[in-house]
């Protein structure tokens, strides 16, 4: 069995090299064009603009996108957010160049009355296509300055690079209106090139030698802790207890950056600055794709709330931007505004925003304020609001969202880097237990009166699946067959959530290994794609009810397929069964439309019922997944195959108790105390454990793993006080260093001595460590700490055959080594996919520390801790 969580972070070396070089090449390209334009007075046109745009998209966009991926996997909060943000910036700027080449500006063009820029007086001169990019540039300028400031807490090269990018963007924006700024912008871009090249070389040498050769990295301009003290009232302190997740960097900053750029562009448009939303749709589509990545990384971290929130926000910005694109570019506002009054997708977005606000009441105040601002924003998107006031309302709501998201970006970046709530984000409005009680009240009342069994648990991506289908359904409601403008305007709100976004849901279902789960979104994506093609875009391609025989055959095939999906859904829960049954009726409506025999009121009723089922399913799935409990009823499965599964499964090869049961801990502790070898969870990956009091058990560990005898085995203790009681000859510097890294995923190699026997190692003294040294670690896992308290120090090594990948789930331990073990303590997925970082501290006072193995904690972070401790002690 291979872990689906990916490779170890150490395998990714230094992705910042790739990101910096992408910025260098992009800046150098713009520098050359700016100097050429300033010298000749002729700007790039036609093919030159297209080629420049393609280069910016490929190098500044896709190459930096890869750097962002790798930085997230390396647990680099700042690098992941920065590189993906600048990837979106260069891609958007490249797309603007291509659009400008396709639609060159017209001289002396004035604004006709009735244009989309309805707030500007008639006769106002219009902005060109490239000048429409000012909104996006200003948004990225603000983000770049924040990234520059935050990077000063990590090193003193990135601040100059990110700050130079921000200044270059300022003069790029000014140059759209006056060519004098091109020279200034070109000079600043040369600074980006020089600083970026130096930074890339420095990091490349560090990756090759595993130590810093050139100055600039490894030491911040100032300590992040100087920005404030940890907020004791933050939700991180008083919320529900969670395992620390260092598999991937925190994506909240990236999501907030996206929620800054998109509303900023919409605010410019709503206040009448842009004539059309062609450039705006391109910029928002690109940054919304980055927001999908923040949703995906939230999913990989097991955070269902942010998976759903960022997915919904990305969906909203995509739908809104392309709806405005169709309105301003293809139709014209005066012609289509009446048609928009019959579109109801905004109401579903409003309901989802209220649901997210409810689910955030146990989080910090800033999160609640953000969700409240999005409720206001969703309200502004409802088309039934009179048009003149609607755009003003939308612009004001976008401005509020931008301000809150900008602050949230700064707070999330600083708090992630410092791993403390240094920037105030407020306290909880409601405790986690109170919210759970509130959500469970209705279910408790209903199940008590009906005596129904509990429902099955929801999975992380289920909420997004229901939201996509519910939005597509309510947006598909049409009051008449003869309104082509409304049909055309409805394309984004049905196609994007129903087809495109569901393919993303399908992807994360596959990532989670759910075989049936990915079938539903894939099949329903095909259905909504066909619905959009025939019902809304058919008149554009001369396809109608009279010449749609292929769609008729497809509808019949989908009816048969969905019947099987209904059978499968009945083995999961009632809500999903009701949804698939409603989809069967919608497929019948689609079939009747192809046969020119559709009763429109029946279709409207079925679409409404389907969307209501989806909204309840989304709310219940989100609540149940967030807390891991059946808080809201989804209904029990009508039948289950568990009994037959139990018959076919054989007994486990060893004792496999659950970690959350006290009896399970006692059972494993009793086995270890009698000299057995057991598999146990740690704060990194699963490990084999043997009592240090039984040397024969430690020898057995070597045989079980086929581990070479020259490789030493470390020991785990439950806390640092145990080590103090043994009174080892440790210097004040080493004590201070261990106090800063314990408990956690760092193991310290120290000098061995007779003091180990006072620690409780006993007869296993000669079997652990080397002749002169021993690695000691204090795990950051409550279950394992309790186990060590019952057994004394444990000899520990990773639970895998020697040379193979680490075990990240108890099933991997059981399947690979279970027949050789006496027991495995089952704790589900491990916190990490790689073992601990090993640090040699035997010469800490003479020459400092040495990184022996980089694991879940990056070497750079370990060195920062050591330098901070050294400066304080010395």
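Note that Cβ sites are derived from N, Cα and C of the backbone, with glycine treated the same way.
No curator has checked TrEMBL annotations; they are predicted automatically.
Residue ranges 574-593, 634-653, 654-673, 674-693 are listed, and TrEMBL annotates 574-593 among them as transmembrane segment. TrEMBL tags one of the stretches 115-132, 133-150 as transmembrane segment, and that stretch is 133-150. The transmembrane segment (392-415) makes contact with the transmembrane segment (133-150): 3 or more of their CB pairs lie within 8 A, with pairs spaced 6 or more apart in sequence.
Residues 15-16, 19, 22-23, 26, 44-50, 52-57, 59-62, 64-65, 67-68, 71-72, 128-130, 132-133, 136-137, 140, 143, 147, 151, 158, 162, 165, 169, 249, 251, 253-254, 257, 261, 278-279, 282-283, 286-287, 289-290, 293, 413 of the same chain, all 6+ positions outside the transmembrane segment (81-103), place their C-beta atoms under 8 angstroms from a C-beta of that stretch.
With a cut-off of 8 Å between Cβ atoms, the residues of this chain six or more beyond the transmembrane segment (50-72) that come close are 12, 15-19, 21-23, 25-26, 29-30, 33, 44, 79-84, 86-91, 93-98, 101, 248-249, 251, 293, 297. Counting only same-chain residues 6+ beyond the ends of the transmembrane segment (276-294), those with a CB under 8 A from a CB of the stretch are 68, 84-85, 87-88, 91-92, 95-96, 99, 103, 116, 129-130, 132-133, 135-136, 251-252, 254-255, 257-259, 261-262, 265-266, 268-269, 306, 310-311, 313-314, 317-318, 320-322, 324-325, 327-329, 504. By number of Cβ pairs under 8 Å, the transmembrane segment (183-205) is matched best by 157-177 from the list 133-150, 157-177, 251-269.
Residues 72, 77, 80-81, 84-85, 88, 116, 134-136, 138-140, 142-143, 277, 280, 283-284, 287-288, 290-291, 293-295, 297-298, 301, 306, 309-310, 313-314, 317, 320-321, 324, 370, 377, 394-395, 397-399, 401-402, 405-406, 408-409, 412-413, 416 of the same chain lie 6 or more positions beyond the ends of the transmembrane segment (251-269) yet place their CB under 8 Å from a CB of it. Remote same-chain partners of the transmembrane segment (157-177), defined as residues 6 or more beyond its termini with a Cβ less than 8 Å from a stretch Cβ, comprise 20, 23, 27, 30, 34, 78, 82, 86, 89, 128, 130-131, 133-134, 137-138, 140-141, 144-145, 147-149, 151, 184-185, 188-189, 191-192, 195-196, 198-199, 202, 216-217, 221.
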